[in-house]
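Below is one structure; the comments refer to it alone.
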């Protein structure tokens, strides 16, 4: 068994025979485990011979030296399933893989001490963390390499490194040495970069086969011409063909027509190229990343991507257009494409409309959400400094003097990352926002409690701004006088809800709907069978949703474009009540 490059015939060779793959990307971390088989089978029935699999570092190592490969994180089970279904695998183990996830799946080092942001001179701490991760991961991969009887035909090293400012070949050599030491000399290792000259100059290295990525709007001949400048011989490869694009909060939904995608694919296949394309839409509350394009642009909960397979696993017109193109170049599987998953219209049923009770203001349950109590500090500390990777942190201080006439509560430029919900004496005052409103007018008495709930909307996942600290990065001031003596509460909201709170707690009386961060709870029933469904939020402002302890992500209908959250049937209970918890941040209907 072998999978090799042929530089004379400009192709891959699989077991000595010329080979071209047509592949699709899927993120197992963004697909519910019960749906893995359904999504992979639909990819196979589309005519794809191969799937490209991203392995997320900070998903499997949430804390230094703490590894999680259980349940939905069981990457070995996922890889075994791809083999069972007859699919080959192109593996992308990082350490950086972008994917519009926090820091491109890089491990979130406390104090910023463990990210590519340290480059151009990566510190020993960063390289040691990378090596530790690879020494845990790659031994799980080696037995599954094609040469050893598995289905992994190639492995990517880093990702789009040429788009980063460092251009550090010593870093790439270090990674190449680590991959070779742990996987052996026979496996095909490659890089992927954009098709610009500078990107390919800084992202490639001798010993790593250079491939490119581009979308249907690119000139195919020019894009592959860029690859030929660094790889004069060998197969043409587009490692990431963009079948759509991602959505940002507050912008229009991105879409790419099926016809454009199909034409671009056909043009590449006519040249004999191997192609991997974005196929599966991803969903869920896992930490979304963000881009920085003149300003901070957080990605929506639904990584919709206008993909050929929707987040519910439904084949789209685009998938069938791709399938038609593939049929011109190779035989398709003889079985029919599996249909769309059945959907439940439970929200239209009387028993499925939750009756909400306002359980509590967030400020009233800090003992539950932060059981170890606050951290005291003269000035605010970042999320990273207090070892809070995601979610929310509450900052509390007191007014140092009477403020009878409205005074300006303000943050320095880029001092709020990313949204701060301000309460004075538990009364909601408004929101401070990164690249948005950074001042509020307030009045109060000396000693009044000032609370600012900071929300991490996602760390930047691409480019030179990837070192993206969260929280209050600078001190708030009152009429230019800095505030001090802060109590800082790292909130473990997911943990509390997964442990049954608030449904397992004693009922609290409701004071009725009012503005500001508060929890709302309720129950609903699903009839008989639990099918996939969606939740819509008419009249709600912004917040997060949990069903049966499962975090389904952010809703923000006022900002859009996303208006619904996908609910997989696998998180619902049939024939008994489903618990629903909402954290509304600004104001419930």
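Glycine is no exception: its Cβ is also placed from the backbone N, Cα and C atoms.
TrEMBL does not curate its annotations; it predicts them automatically.
The annotation domain 'Glycoside hydrolase 35 catalytic' is assigned in TrEMBL to 12-328. What TrEMBL records for 160 is active site, proton donor. Sequence annotations record features per position, and here TrEMBL assigns active site, nucleophile to 240. What TrEMBL lists as domain 'Beta-galactosidase 1-like first all-beta' is 380-491. The annotation domain 'Beta-galactosidase galactose-binding' is assigned in TrEMBL to 517-576.
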Restricting to the same chain and to sequence separations of six or more, state which residues have a Cβ under 8 Å from that of residue 240 (active site, nucleophile). 25, 192, 213, 276, 277, 278
Composition by DSSP (helix, strand, coil) of residues within the domain 'Beta-galactosidase galactose-binding' (517-576): 3 helix, 27 strand, 30 coil
Looking at Cβ-Cβ distances, which residues of the chain lie under 8 angstroms from the residue listed as 'active site, proton donor' while being 6 or more apart from it? 98, 192, 193, 194, 199, 203, 213, 462
DSSP-assigned states of the domain 'Beta-galactosidase 1-like first all-beta' (380-491) in counts, ordered helix, strand, coil: 3 helix, 55 strand, 54 coil
Whole-number mean pLDDT, the domain 'Beta-galactosidase galactose-binding' (517-576), equals 91
